[in-house]
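Q: Annotations per Swiss-Prot:
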DOMAIN    7-170  domain 'PPIase cyclophilin-type'
REPEAT    208-241  repeat 'TPR 1'
REPEAT    261-294  repeat 'TPR 2'
REPEAT    301-334  repeat 'TPR 3'
């Protein structure tokens, strides 16, 4: 019989984030695997604490980026509680499996022989934990959900937004895992480090081109949020090749730029549409700082115009005027640029007049 599969349905800030599916290594650590499996199904009823022996409704209470995410304290919710199906604590079963890669399930503890219900999922290799914590499973699907949890904002390692195991359970042998295949054609892991396929430069170019095309489809439909995600994802894959040297084909850097620059510019337009003005400023600045030999005049014009538009929305009229003037220099005939430049100047003049009147009243 194959190893058990279990799942968590995760919410972040009360919004569904997705499902994580685990394999439990019953063949190597049967007692530890059974504890986790039963806590996913809740089949053991109430524990000695008077709380249900179940992960359902419990939090990920401790998250450390580039290390691990920790949960399983369903009694106290802060890392001080939890309970196993065998009583409060049980012994370390064995240390056969090592913390040699991300997405492993391992038992949290307070020292030897103190396993309860708390667990963690590694997000990087953590060999310093070998011989101290029992590895008992791995993530099969839902790596992007783990990364979303890992990247949550925290204060003293606790997520600012509640990250909750809203539902959990066991999947029968042969049962569908409940994770829908991507409908938009995006079959790639959210982060390149988690992508198990080839990642040579030409592979990355192909992936990024596909993601950009998917982003463009969303953009044309007016779905700017999903379009933005695809453009950012494409950029993440392109960043797998952060630098170029004399050993690279001469045309390679240009091929990367030909995809990356449009992704940045499209992301900046999405940011404008979504009201993410600081993000728009950041992304367009990245474009303007790009190696100039790969920037077309229209790229520069778009970047200045969109950055100016973002600054207008944050009432930085002087900054907007500066950017619109630079866009106007690149394309003197563009009526839209002329209009926004005049608008920015009028807004700045009105602001100064208002400030002048306020000062006059103060000293009247």
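Backbone N, Cα and C define each Cβ position, glycine as well.
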Q: Per-residue pLDDT averaged over the repeat 'TPR 3' (301-334) comes to what?
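A: A mean pLDDT of 98 is what the predicted model shows over the repeat 'TPR 3' (301-334).
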Q: Residues sitting near the repeat 'TPR 3' (301-334): Cβ under 8 Å, six or more positions beyond its termini, same chain?
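A: Apart from its flanks, the repeat 'TPR 3' (301-334) reaches 265, 268-269, 271-272, 275, 277-278, 280-281, 284-285, 287-288, 340-341, 343-345, 347-348, 351.
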Q: Quick one: DSSP breakdown of the repeat 'TPR 3' (301-334) into helix, strand and coil?
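A: In the repeat 'TPR 3' (301-334), the DSSP-based counts are 27 helix, 0 strand, 7 coil.
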Q: Could you count the residues of the repeat 'TPR 1' (208-241) that DSSP puts in helix, in strand and in coil?
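A: In the repeat 'TPR 1' (208-241), the DSSP-based counts are 28 helix, 0 strand, 6 coil.
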Q: Which numbers of helix, strand and coil residues does DSSP report for the repeat 'TPR 2' (261-294)?
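A: Its residues divide into 28 helix, 0 strand, 6 coil.
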